[in-house]
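**Q** Just passing along the structure, written as structure tokens.
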Amino acid sequence: MAHGFRPLFHLLRPHLGSVALVLGASAAASALALAQPWLAKQLIDEGLIARQMPMIALTCGLILGAAVLGLGVGAFSRWHYLTLSAKVLFALRERVFGHLQRLPPTYFARRATGDILSRIDGDVAEVQRFVVDTVLAAVNAVLVLAGTLAVMAALAPQLLAPAFVLLPLQVLVARRLRPRMERLVRRLRERNGEMSGFLVHSLQSMKLIQAMGGEARDAARFQALNRHYLDDLRRAELFSAVAGGIPGLLNGLAAAAVFLAGGVLVMADAMTVGALVAFTLYLGRAVGPVNTLLGLILAQRRARVSLDRVMEILDAPVAVENPPVPLPLPAAAAGAIRFEAVAFAYDGGGPVFSGLDADIPAGIKIGLVGASGIGKSTLIDLLHRHYDPDHGHILLDGVDLRHLDLAELRRRVAVVAQDSPVVAGTIADNIRLAAPDADDQAVERVAGLAEIGHLGLDTVVGERGATLSGGERQRLAIARALLLDPLVLVLDEAVSAVDLDAGRRIARTIDSLFRHRTRIVISHHPDALAGAGRIIELTPHGLIPQDAEAVA
Ligand SMILES: Nc1ncnc2c1ncn2[C@@H]1O[C@H](COP(=O)(O)OP(=O)(O)OP(=O)(O)O)[C@@H](O)[C@H]1O
């Protein structure tokens, strides 16, 4: 999707003051740098050639003063520039991350983590470099170039023609070489992306790869990726060395032309030696800004590619919005759930539900059964508002979920999901995830109830809980839900990996703790459904009540 560069102005707008400060400081630094060749001219013509020692001392002093002042102004501008640059980068990164936090699970299920990472890291940085570095460098280049040209014109207008006669050729060369360079750079970035994609994927599934004996295949794949990267890197380096040499050659030619024409002027006494030296010094200084401006073409194309990749994330539709003015739950909220003609399909998939109706009364244990893949977990995701129904309504104690504050809903309805995700940190951090203010006693109590306390609350669990067993992860998730003390507790195959005895004990604990609260238990095991007041089966035709006794 093409956005142009409009989104970028929004990034800079809050920092216009800093932009002006940085530009002002770097213009001052450039002006000081511009003074140096002029002082050299004074030194040669009025000091050395005129044999005036006081003049020599004075200009040397001024050169030194300008250098010291330039250093101070340069440091000041770099400092503010760094702050500005970081602020823009972080603001953009936070915006992308903030948006990612609001995207539905499907978004993450369908994309490689490596790809999202490379967008939020590499592409965001590329956009920031363009917004701050390139735009500031370009403005600065225009200022320096204008100043340099003005002084050159004042020194020797006759020499402007030989100095810049080759400029059109330089522009032409740059325009021809840069697109090729750009292609090479893009290929390198893609190779880089492939490599991190491969690594993320491989590291995440190392155990599976080991179990399948796929190490050698993966190592060969990694080697091939490295080899391709090296090939492309060498190609890009070679090209950039050759392409980089041509402008230097053209600059050398221009300098020679200036010395030739200037030499004639000096011989004819139409110009002083000092002025010729100063002119060539200025010519050297004009090269940088010209290159910067030519580089802008390449930079803006690269930034456009990255900006589009970042905007793809920011344009991804948010599945659920928090209501601007949420409605409160009734004071006597008890956890009654009602599905009214609920229809839902995943993006690009067939309907999972079409017109589902159900009443789940408050305060009882409900067993939810149904064939694998029929949509039980999806139903719970709808109840937890990871998605909204395409049609119909889901009500909690008479209030449409869409009208409830999202955080409140997720506090009142606790879901222990099938895969029991774990975050990096201690067991206590994991239990406190949804209730960060809970005190230590409360955390200890729920850890005990879920039979996870013996592992130690301060034990650090690996990333994604890799150091815990499946059953331990599930018990951790149960402790987390217990701490929330919700109105509705949903257990989606929550003890499937826990041994039978512990599973029964935990189920009994939960049943006694939540005796008067709504519990929805999804399980393929009759054991977990014991004591359910009602069993409902999810079928392609809707929710059908079963005989609770028969199932349990
Ligand atoms: N993110 C997704 N995108 C597209 N389709 C999905 C997605 N998640 C699930 N599905 C599909 O939706 C249907 C319902 O899946 P769901 O996980 O809700 O079933 P389930 O009844 O909980 O199954 P199980 O008992 O095996 O856990 C399945 O056909 C599944 O393939």
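For all residues, glycine too, the Cβ spot is worked out from N, Cα and C.
Any TrEMBL annotation is an automated prediction that lacks curation.
Found this in TrEMBL, in case it helps:
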- 20-302: domain 'ABC transmembrane type-1' (DOMAIN)
- 337-551: domain 'ABC transporter' (DOMAIN)
- 55-77: transmembrane segment (TRANSMEM)
- 130-153: transmembrane segment (TRANSMEM)
- 159-177: transmembrane segment (TRANSMEM)
- 238-267: transmembrane segment (TRANSMEM)
- 273-299: transmembrane segment (TRANSMEM)
**Q** So which residues does the transmembrane segment (55-77) touch in its own chain, when a touch means Cβ under 8 Å and the partner is 6 or more beyond its ends?
**A** 22, 25-26, 28-29, 32-33, 35-36, 39-40, 42-43, 46-48
**Q** Which of 130-153, 159-177, 273-299 shares the most C-beta pairs under 8 angstroms with the transmembrane segment (238-267)?
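**A** Out of the listed stretches, 159-177 contacts the transmembrane segment (238-267) most.
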**Q** In the same chain, which residue numbers or ranges, 6 or more beyond the ends of the transmembrane segment (273-299), come under 8 angstroms Cβ to Cβ?
**A** 33-34, 36-38, 40-46, 49, 129-130, 134, 137-138, 140-142, 144-145, 148-149, 151-152, 155-156, 159, 163, 167, 170-171, 174-175, 178, 181-182, 247, 251, 254-255, 258-259, 262-263, 265-266
**Q** I'm checking region-level scores; what's the whole-number mean pLDDT for the domain 'ABC transporter' (337-551)?
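**A** The answer is 84, the mean pLDDT of the model over that range.
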